[in-house]
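Colleague: From TrEMBL, for reference:
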ACT_SITE  CYS113  active site
ACT_SITE  HIS250  active site
ACT_SITE  ASN280  active site
DOMAIN    107-190  domain 'Beta-ketoacyl-[acyl-carrier-protein] synthase III N-terminal'
DOMAIN    234-323  domain 'Beta-ketoacyl-[acyl-carrier-protein] synthase III C-terminal'
REGION    251-255  region 'ACP-binding'
Amino acid sequence: MRRAIVRGTGHYLPERVVENSWFEDKLDTSDEWIRARTGIERRHFAAEEQRTSDLGILAGRAALENAGLSADQLDAVIVATSTPDLTFPSVATMVQAGLGMRRGFAYDIQAVCAGFVYALANADAMIRAGLAERVLVIGAETFSRIMDWTDRGTCVLFGDGAGAVVLEAAEAEGASSDRGILATDLNSDGQYRDLLYVDGGVASTGTAGHLRMQGNLVFRHAVEKLADTAHHALDKGGLGPEDVDWLVPHQANLRIIEATAKRMQLPMDKVVLTVADHGNTSAASIPLALSVANAQGRIKPGQVLVAEAIGGGLAWGAVVLRW
Ligand SMILES: CC(C)(COP(=O)(O)OP(=O)(O)OC[C@H]1O[C@@H](n2cnc3c(N)ncnc32)[C@H](O)[C@@H]1OP(=O)(O)O)[C@@H](O)C(=O)NCCC(=O)NCCS
């Protein structure tokens, strides 16, 4: 059978770093509160002229370099984003052009913070079905553009950035010892739309809108659903929590990550953490964490990784892969 294996990773973070203390004279909040309730210490914000596609292009270029490939060796580009440059065309086609790729196809996936997990599952299915040999999968976001800067319950949480992974087809035995994506588990439940949404859009207000969230309710769903989806994905892959070398969680809140690891009975030294430095970068958070950990040489060939995320929709899911 065919599997989708990881050939390279890369990321890009905008230059501007904003510490928690930046919010202190604008809002009734403190560095201490933000650290204690979320684990976030700082985040990156894109420059005024930088768009989501610019971040995606830089992350994509870094992943191609890491993979030792050129853009014209790709068959497809998938970008997970909820903060596109324009209503259309897709960010993915802009990234395709920016990378100088003149063949293949490109499209966006919108599953908010679960977007990268959805995109990986999509690319995996595409590769296994023989529709593509090599796919560049990117998570890229500029959530700073949809913040309500007067809402202390949301604007301190999010940041901008992009991460990318190059997936490549490889022949495999169909066993849990194979390299590559072993299993995926996707879920959504639209009845929860009011817990986390943006109050604008093309067909409603004609504006981009601002992010609205009932944080404590999202928190409860996250803790329950993330461990469940991770377990389901492991089960489908013929593995158990004891086989996991690295949990690469969506970086929304350290307390959610700790609760998920605990439910999975994983020690925190098996968890990749970037939330302190990146904040919640939505669909970009998992590929950013993956790329940072890979660049640090922490992920070794043969190791088992579980990536999991939840976001607006609600939409959530997990991917199990062997490096
Ligand atoms: C947002 C979040 C950090 C708030 O923490 P919490 O412990 O749930 O806190 P609550 O929302 O219950 O609010 C507790 C108090 O803190 C206050 N508060 C909220 N944000 C604050 C801030 N930045 N600074 C200081 N106080 C703040 C609230 O107003 C509330 O005050 P009140 O009791 O006077 O009404 C937390 O709910 C969370 O992380 N939720 C998940 C969010 C998430 O990850 N979303 C993305 C998923 S993709």
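Placement of Cβ uses the backbone N, Cα and C atoms for every residue, glycine included.
What TrEMBL says about a protein is an automatic prediction, not a curated fact.
Set these features in their place in the structure for me.
Modeller: Within 10 Å of the C-beta of CYS113 (active site) there are 33 other C-beta atoms, taking all protein chains into account.
DSSP assigns HIS250 (active site) to coil in the three-state reduction, placing it in neither a helix nor a strand.
ASN280 (active site) falls within a strand segment according to DSSP.
The domain 'Beta-ketoacyl-[acyl-carrier-protein] synthase III N-terminal' (107-190): residue composition by secondary structure is 22 helix, 34 strand, 28 coil, according to DSSP.
Long-range Cβ contacts of the region 'ACP-binding' (251-255) within its own chain (Cβ-Cβ under 8 Å, at least 6 residues beyond either end) map to 37-40, 113, 157, 219, 222, 273-276, 278-281, 285-286, 288-289, 310.
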Colleague: Would you mind reading off the Cα separation of CYS113 (active site) from HIS250 (active site), to the nearest angstrom?
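Modeller: Roughly 7 Å, rounded to the nearest whole number.
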Colleague: Quick one: give me the count of other CB atoms within 10 A of the CB of HIS250 (active site).
Modeller: 31
Colleague: Relative to the Cβ position of ASN280 (active site), how many further Cβ atoms are located within 10 Å?
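Modeller: There are 23 of them.
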Colleague: Within the domain 'Beta-ketoacyl-[acyl-carrier-protein] synthase III N-terminal' (107-190), what mean pLDDT does the predicted structure show?
Modeller: 98
